[in-house]
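Copied over from Swiss-Prot, here are the features:
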| type | residues | note |
| --- | --- | --- |
| DOMAIN | 6-153 | domain 'N-acetyltransferase' |
| BINDING | Trp27, Tyr70, Glu83, Asp119, Glu140 | substrate binding site |
Amino acid sequence: MIASAPTIRQATPADAAAWAQLRLGLWPDADDPLEELTQSLADAEGAVFLACAADGETVGFAEVRLRHDYVNGTESSPVGFLEGWYVQPQWQGSGVGRALLAAVQAWTRDAGCRELASDSRVEDVQAHAAHRACGFEETERVVYFRMPLEPSA
């Protein structure tokens, strides 16, 4: 049983290593250089929020960015975009994800946005359920295609 709810706070450059480790839980193949992640924490167009347990362990994160281009299913600009949202498995279902999302919502509102958007992989039904449980509505499903081009002679 989890003793007490974690504290939610905005990440600082000193948190980059802990954040990078948590990101591997969501994106196992992520290989973003630590220096790049550290620099991104100073970008006013985005924010990272961490959930920290009483013992100081980081147990979840949420990344949000402002998007000024069109975001599928939205009606305004800019839009806050939830780029990543992850809670360690043993903390899932304890309210940590909702608390992280509340911090993202507040940041997004303070940035002048009227909408918060997100995405997930089509097959990730657990993420779909988490989004719906927190008030997101599905807007559309998209399949991306690519075509390799041969260099011109």
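Glycine is no exception: its Cβ is also placed from the backbone N, Cα and C atoms.
Within 10 Å of the C-beta of Asp119 (substrate binding site) we count 17 further C-beta atoms, all protein chains included.
Look at the Cβ of each of the binding-site residues Glu83, Glu140 and count the other Cβ atoms within 10 Å; the largest number goes with Glu83. The Cβ of Tyr70 (substrate binding site) lies under 8 Å from the Cβ of Ser77, each of these being in the same chain and 6 or more residues away along the sequence.
Long-range Cβ neighbours of Trp27 (substrate binding site) (same chain, at least 6 residues apart, Cβ-Cβ under 8 Å): Gly84.
Here the domain 'N-acetyltransferase' (6-153) returns a mean pLDDT of 93 for the predicted model.
Here substrate is bound by Trp27, Tyr70, Glu83, Asp119, Glu140 per the record. The longest Cα to Cα distance in that group is 25 Å.
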